[in-house]
Amino acid sequence: SGHHHHDSSDEPSESSKACCDHCACTKSIPPQCRCALRLNCNHCRSCICTFSIPAQCVCTDTNDFCYEPCKSGHDDDDSG
């Protein structure tokens with residue numbers, strides 16, 4: 001089992017800018033926004049990752065805004 005899992009060629013360097021696919025904000029003022037699901041913890045001060053394969057990382061940082069989604073602009077539908 002080789003540990004070569006570097007498929008980051010087709011997406012713009014994820015490490016260079018913070019992004020978030022699932023962001024949840026509270027209704028308080030100011031809002032408290034958390035990124036619900038991330039594949040890594042690049043722009044995250046406090047991060048919790050599961051031990052599953054692949055690991056799912058939850059960023060527990062709280063901001064008053066949401067980063068833009070990590071997914072690139074094109075729709076990719078997995079419906080088949």
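Heads up, the Cβ atoms here are built off N, Cα and C, so glycines get one too.
Because the structure is a prediction, the values reported are computed rather than measured.
Candidates considered were CYS33, CYS57, CYS59; the recorded disulfide partner of CYS44 in Swiss-Prot is CYS59. Only one of CYS19, CYS33, CYS35 is recorded by Swiss-Prot as the disulfide partner of CYS25: CYS33.
The disulfide entry in Swiss-Prot for CYS20 points, among CYS35, CYS41, to CYS35. Comparing Cα positions, CYS33 (disulfide bond) lies closest to CYS23 out of the disulfide-bonded residues CYS20, CYS23, CYS49, CYS57.
Here the candidates are the disulfide-bonded residues CYS23, CYS35, CYS47, CYS70. The one whose C-alpha lies nearest to that of CYS57 (disulfide bond) is CYS47.
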